[in-house]
Each structure stands twice: as structure tokens, then as C-alpha cells.
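To start, the structure itself, in C-alpha cells.
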């Protein structure tokens, strides 16, 4: 068989039938979703990635440049093995990516297709991506370039590319989709590129369809290799020796050897009893050269025959827990295959104790069984597979009976994919020679221990435990712990400044130290014990000294609260909890000495601080001279707190969920929560509070609490929840409130809201200090006067309330001053509830009528395009604030200069949390919906705001051309840009972004001119129709049609008189391009002869029939009713009837129309659409046949109602249906059966009474026993 010639012939046939060149391909471009064509540029320093997708047969792949890709959610992550860095992502699919693969390198081809990869998804599309790893120089000693080092190209592609659309293929930092097709009708399960044909891609789906994709011409061919039930394709494997063969694995256990060039089945193997999960097609040349399988005594008598060199060997594995080796039986593939050996991985599956949660594997549970295979030509003697637990096994193909060698244990759960990394030099010959020598040595020393096994390749595995492990010499060298859920919360602590605690949606807390271990920056510790739900909020106990910094309080999605002890790796869960998820959880700071109020100079401040320190401890004396440096000042404050609280233990926790604040006692885990809402109202009876609380935060000293609400208000309380003041600036829900960490800015508060704003407030205390001091001195030790002071205070409060009765509702609006106007004072209510404070402060609290608050808005930061989910103050610079938003970006603001100084882009989805690093003042981390945590350097970002330098557009990916069926109008509409996952907040304000149908409704009430303009816009936006004529299409745009002009002019200007003189007649002109002589030609469409037009229509209709475009085939033949009857016959013959064709068949006459309806109803019955089949039968008056359809399909209810609506009540068919329905339900529903018999009791021919009595005596249920006697009496 000449394989190459067959491919060439097939390709020529395709081109002959479709006359499509590259120019035509560009005319059929479909706009891809916006996220596919965006060239994003990410500059993250490190990335904690999302884990791979589970239970997919081709979830990962690696190329010769050691670029590793794997599918995660709807994206593909790219990892450079040489530099040990994640270098980008491919974003564009709208559903889970199920399969990925690389194009193969062809040394003889001068192209860059080996830099392309292919992906298949549950969104029914196959996409081809171009990316660049900056390894074109193949220098292994150099790191990745700066542009690609920090994830350039992630998010679909790179923002640095696309400056020149014509040169985008040469952009080294761009990842984007260049081709795609939508030919699959079900989710794609497997994609694979041919190792022998550079532009050939095959893909299979859940419906059993195989799609051949030729990227050079951008053509696709959908093929169903087999027809039947349970024919979902699970895996594909190209032949390494035959360019026209592919092995197809199905969920029903069948392996099919298929010739996709001639579209025929070569051989069918009943390989397994369950899903085929992996197929390895061994390279026959390498197998023969290295004597693989030779020493197992499996060869036939004709082994010496030269044809044996072409024998095919396969390996398959399945959910039936078997790995089988197959060998071709005869000299031809059509002879079939025989199973020469079966490996049993369950025999070597040892249960592992899980260190990452989730328990072990039940080997008897087929839903949990997964096997995968890997074979490399560079180590041909060994076949790699996983066990049924978590091991990687090495099977010796020379000695089948030897036990497999195991990789050192590192995974804890099922392994989904094993990938062997090819040599970077791509030199197969050299590697093969080395392997051959090793193989011969192995044959001589078969009895030696298997520990001498040496693989020439590195190996990468992905597992259910969310780990990606890179192996060398059977040992785990690099471990990458992926995230399996949304990242909801991140926190860090000064006692472990290089570690971030991450609350994740996969029921775990991760401890990640990206700056601690440069060799393994992706290793993280997983805390999972006792966590049984998503961790939506967490807080490290950072204010109670080093001994308590190992405590992490966390709130979960199910409303429960717990504390995790890192040292003991155990968690404790409080009883009870919120009804819904917890938004925020915090530790109550320890009580700290409160400094004297209203201090005007630094000398007084130092004196008072010294006095306070003398009362508690003397460790603060050395800290008052270091106030110039912000970083030192922050560390001093932390040290002061730590030194003064060494003996204190954490006490209280506060959580917000279900719009309530709960207090938890850390010292009593058996105690349930305390609902603070009624307590707050009891402490502040004269205030009205919103019912829906969303966030809570303590200030630096712990003496003030801020609480946010869903209506946009913020309430400020004392540490004992005594109301101080209220802020009303936001118009929507408050997501986060955060006090500044620095002493000099301790009264500055930031808030984030769903109104897309970040607002900075400053609270200032004002009042007459000298008078207050005098009052304190005069009232010391005078208890009676204190009581009088209380009475006077209450009187003053009443007077103030009467005077300001009309101002209380809008007090914040009156005091907020954005334009340096006169500040308004707020009086603090005086309620003494704190019995632990000293006498001096108690007196002050009772006599602080002159202490008032001034609240001013420092700035409103407006720039985010969606909800602001989180804010975080810098730990080094008191003026820097980071914010995370649902627009997918992280923003850094400067409250001093009131500017946006950096915008970090790269997340694919909403960003839920942001946290600053304590080690590097320029670093901060963020996490969100894309299940990743990214470490950013805000000082190196190219953008300052969200709107700056809008993301550049890459060239639109080309949509493939279907050569097997028509692209219907509905499919063309589906090819229009899809809505991205993230909503665009500017659409409501930008009419150009509103869909055309919305513009119609908006402008329908406008004048006629506006309406006409809108209709024009809608018409222009409709999908372009493909011409019905295939051979004669685009006649207007032909560039080489000038040769037809002169003959056409002579044709139309020649009359009978002229023909006598010139001896030219119109008959001498040939029509079309198939002239047999050298006469001048004109196109057939300009002919005046009907027979030529009829030939043209006939020729075009045959072309439509060849590609199964039956809709246009019938439409074309309906132009001439004489041809319609024969056209309908052809459609019926091919079984391609549709509803549209049936409706058009009326033109052929009533008799033919009725026959077509009857045939179409039978077709509908075969596919299970009984109701529509009945409708077509009723259309032609066949009521009895319609009832019979329901009767045969046991749809008695429909049949009876249809019969009663069309026939008389005493029609015999009705009683017959009731009787059959009664017999059908005698066992399952005897009561209903009795009712059906009673409905036919008067029909003597049916013996219903006898059948009913027999039923009553045979079926004895409680219900029948109750009515049996009554029924028997009535019937007698």
C-alpha cells in the first residue's frame, strides 16, 4: 500500500471538489470570543498554579524544547522544565479543556509548527495555539527572556505582541489561537497531531465522531467510524509507521484500527470489557531494531519472514484494570490482533496513607479506577503505567514475567497522566543506539535486580492529589502543588514573613513560601485535617507573640469556624455556626494601654508613653527615637505589642456570615457562638443599625472597630461595641474595611465596595485638652461628683439630641469635607461599660463631652471596572494600598499623591483577595476565581490604571471550512463573538457595545431616520451567507475572468445579419470552462439557452449532494418542479430527510407529499422522536397510525387522549387501549390497573370483569384489601 500516494490523491480530490485557496479561507473567518483574541501581558514573579483537570486521557503533553502543558479548568498552563518556571497560559475555551497535545518537529520542514499546540474542550471546539518559549537558540544555559519570564502571553496571549499584525508569527512573547473549528456536536475527548504528516490533526468526541483537520488548507472532515450505542471515543493514537492509520479507543472497550484516508475500518479489536483509557502504538522499526518482544517466545513460525519486520504491536489499558500487549496476527493488518500478554497492575497496587486529604482508593470501585500508559522510543524496553493507587510502574517488555520496578512514592492518589520528556536535541538515532546497547546488556543479565533500570527521559506525572511531579532517576525532583478551588483569602505574619496562608475552595489551607526556596518555589504545605468545606476566610494569630503565631482561624463555606494549629497539624471546630458562608474572620487584638488624649507636641507624647510603659513594662524606652523610618517604625510597633503581651493568650474570635456577627471563645471549643447583633443593639439602644453586616476590622490598637453593611454604610465602634459614628459614602455593599497598620496613620480607614470605588477616610479627635485635664484632676477620687457628672452628662445628651434631632440622620454628610471647608464636630456618646480600665481613664470617659470626631475623605479612588473585592495596606509604606477587583486586576494606589501607580493584569476571572509581602516592599500576592495565586512586583508593571493601554487585539483565529456539510445559519450565528466569562461593566454606557437587537428596542421609538440606521446596522451585522453554487461561486470577485469579456461582448452584439457577414454565430461559443476546442468561451450564467442553464443547475446540485448539503440540494432542484421528484428520491435514499425538505415536497404533488410525511415519521420513530412523528402522521390524516405509534411505544396515556379527541366515546380502540394499559400496570401499579379495568367493564367482548376479579385475588396489598370486599360486592 502506497500510503503517501493515497494521501496525495485524497488531498487532490478535496481541492478539486472545493476550489478553496487561502484567499477563500480568509473570507470565512469567524470572530472568536473576546478573551481568545486578547493579547494580555502578565508580569507576575511567581505563580502557584491551578491543578490539572481530572479523569481525562490526554490532559498533558511535552515537546522537544521541554515545554510542558496541561489542562486546568478552561485554560492551559505552560511550564518550562529547563528554567523551572511557569511561562504563560492559554485562555480561550469556554468550558473544561479535556485534551492537549503538541505538533511534532519535522527536521525536513522549514516551518514553526512544532511551536504550536492543540486543545480540545467540552465547549465542542478544537483550537490550535501558537506560543513561543524563547528557546529558539536552544541554549539550555540561558533563562527565559524577561518578556516571557513573567508570564508574558498568559491570559490568551501577550500584550507585547500584535504591534504588527502581519508579523505576529514572529512575536516571541505571544500566545494566541490561530485556528479553530466547531465541527463536533459533543464534547471533545481527545486530540492528537500526526507524527508523520505535519498539518494533520485528529479529534474525537463523546458522540463517537472523528474529525480530520488539515491545518495547511484549514479544512475539516467529520467522520463517524462506527455507528451504535456507547460509542464515545476515549483516546486516539496515530501509527508511527503508517501515515493513514489511527487506533481509536472507545468507552465500550473496543479498539478500532481505522484508515482515515479511505474512511474504512481496517480491524476491530474487542480489547477490554470497560472504557479504553490509553493506547500505545509501538514504532515497529525501533521494536525490531532493539529486539523488543523477541525473548518472550511470542513470535510465530513465520518470524524469519521479512514481512515480520512490519508487524504491529499495541499496548492498551482500561478500567477493567488490565494492561494488554497486542500483536498483529498475519502479514496484513486486516488479519487482526492477538493478545500476547496481560499485565496486572492491581497486583502491585499498595494502599498509601494520604498526606493531602481525601483518603485512599477502593480498587473495587470502577468509577475510581484509572490507568494510563507511556512509552518513548528513547527507552523502548520499558512501558510506564500507574498502579491502581499512586505508584508509577515500569514494565519490562523483554521479560514480561519480571515484576515491575516502582518509582519512589510521592503521589498519594490516582495518577491521570504520565509524560516522558523527550531529549532537547531531538536526536533519536543517538538515543536509540544507546538504548540498544543497554537493551542487549539487559538481555544478558535478565536475572539481575530490576533496580538497575535506568530511563533515558525525565518523567512528569499529574495526579488526583493535585500534584505535578517531575521525576529523575525514579526519584521525585520537583513537586508542584496545584490549587483545586477558588482562592478566597490570603494572610501572612511577621513571625514567618516568607510564608503566605491561603484559604482555598478545595477544602484546604495552603502554606506557600515562594521566596524561601528558590530551587522549588512551587512547593507548598497542605493543611486539610478537619476541614470539610471550602475555606472562605482565614486569619493568622499575629498579635499574641511567637508561640501563638502557629494558629490560623478559618471560616468555611458551610458556616462553621475552626482554628488550625500548624505545629500539631490538627484543627478544632466550634459547634454550631452561620447558616451560609463566612465572609470574614478576625482575632480580637489584645488590650493595650491607651495613651492620654489630645497631645499637641512630641515632648508630651514621649512623656505619656514613658508613663504608660512604666505601668506595664519598660521595654519601650529604646523605641521612641526611631520614628523617621516607616519600616523601622512598623517593626517597633510590632515588637512593642509582642513584648507587652508575652504572657497573654488569644481570647476571642469574630466572624461575619449570614449578615450576622458571631463571637467565639478560643479558650472553650465546646461553647457555641454568641450572636453580637442583639448585644450591639442593647449597648446602643438609641441607634438603628442595618441588619446585613458584611465585614469587620479592628484598628491598630484594637480600641476601635469598623463594621460594613450591605447598604454601603460603615459604623465605627469602641472595642466594647459602643457606637461612635457612622459613615455613608458608598452606595452599594461594603466588601472590605481596613485600618492602616502604622501608628501615625492609625486613624485612616479604607473601604472597598461593589460600587467599584475605594474610599480613604481619616478620623480625627478634636476638643479642649487643658479643660479636660483640669476636669480629670478635680474629679480624681470624688465618687459623688462622678455620679453627678453622669447625671449632667445624660442631661447634656438629652439637650444635644433635642437640638440636633433633625440632623442625626445625615450627620456624616454634614461633617465630610472634601474641599477644605470648615470641619464639623461630632460628639461621642458617653457610656461607661468597661470595668477593666483604670480609674483615670474611667473619669475621662465619663467627662469627655468636649472630645469630638472629625471625619474627612482623603480621596475616592475610581478606576476599577467591576466590584472591588478586597483592599490591603502595605506593611512598609503607610501611603500604599492594594485593591483586588472582579475586573481581574490588582491595583496599587498612593493615598498621599492620590494616584494609581500600578495595575497588575493576568488573572482569568475575579480577584478575591490581595496581601502584601513582609519581606519585599514591592511584592504582593493575589488570588481569585482562576484558582491561582500570583506574586507581583508592582514597581515593574507596565500599566498604572485599568484603562491605560487597552489590551491589544491579535489577528482573529481562522475558522475551519467544513467539506462534509453545509454551515447553517444557526452555526454561523454561533460563530459570532461569544460573551466572555467576565461581564464588561462599560457595556451599559457604550451603545457601540450593546448587541444589535438591543439597539433595535432602544431606537424603535425614535424617528424614522434613526430606525433606518439601526436596521442597516443589524443587516450589516448578520452572518454572511455562503453561495449555493460551489463550482461557480464568487464569479464577481474572480481575478482571472478578463478572458471572458471580449467573447461576451461579441456574443451579445452579434445578430443574424452580422453572422452572415462574419460567419460567426452564437452557437460557436462554448459555455463554461470545459471547452473541448479553442473557441472563445463565456460563462454559462450569461447564456440564453435553457438547456445550458439546466446543465449548470444539474452539475451544481450533484456537487451539493456529494457533500451532503441536502437542504441546498432540494432548494436548487425546487426551482424546476420536474427535477424535484428525483431529488426527493435521492434524499430519501440517503436517509437525509428533514422537516424543511418535507415542507418543500408539497411542490411535487399531494401524493408525494403524503408519502414523504409517512417516511419522515418512520425516520423520527427510529430516532425516538415519537411526538413529532405523530404530528406528521396526523398532518396527512393517518389517525389510526398515529395512535399505533403511541401504542407500540407504551405511551398509553397519549394514545388514549388522542383517540378520545378524534373518535366517538364508544369506539372499540379506546377500550382496547385501557385494557392493554391495565395489563401493563398489573404488577407495578395494581390500583391504576383496577381503574383501567373498571373503565372497560361494560364491554362484554373484553372480559374485563373476570380480569379484575383475578387481579383482586392475586395481588394482596394493604390498599387493595381495603377496597376488595366493596369491589367484589359491586361487581356481583
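Glycine is no exception: its Cβ is also placed from the backbone N, Cα and C atoms.
Swiss-Prot lists region 'Disordered' for one of the ranges 874-904, 905-935, 936-966, 967-997, namely 967-997. Swiss-Prot assigns the feature coiled coil to residues 778-829, out of the candidate ranges 466-517, 518-569, 674-725, 778-829.
Per Swiss-Prot, the range carrying the annotation region 'Disordered' out of 98-117, 118-137, 138-157, 158-177 is 138-157.
Range 772-809 is the one annotated as region 'Disordered', of 734-771, 772-809, 1000-1037 (source: Swiss-Prot). DSSP assignment over the repeat 'WD 5' (364-405) gives 3 helix, 13 strand, 26 coil. Here the repeat 'WD 11' (863-903) is broken down by DSSP into helix, strand and coil counts: 0 helix, 23 strand, 18 coil. As a quick check, the repeat 'WD 10' (729-771) and the repeat 'WD 8' (530-574) miss the bar of 3 or more Cβ pairs under 8 A, pairs 6 or more apart, so the two do not touch.
Counting residues of the repeat 'WD 3' (228-268) by DSSP class, helix then strand then coil, yields 0 helix, 23 strand, 18 coil. Proximity of the repeat 'WD 7' (485-522) to the repeat 'WD 11' (863-903) is not established, fewer than 3 Cβ-Cβ distances being under 8 Å for residue pairs spaced 6 or more apart. Below 8 angstroms of C-beta separation, residues 3-4, 6-7, 10, 57-58, 186, 189-197, 200, 202-210, 212, 274-285, 310, 312, 314, 316, 318, 320, 326, 333-337 of the same chain, each at least six residues beyond the ends of the repeat 'WD 3' (228-268), sit close to that stretch. Here the repeat 'WD 2' (183-223) is broken down by DSSP into helix, strand and coil counts: 0 helix, 22 strand, 19 coil.
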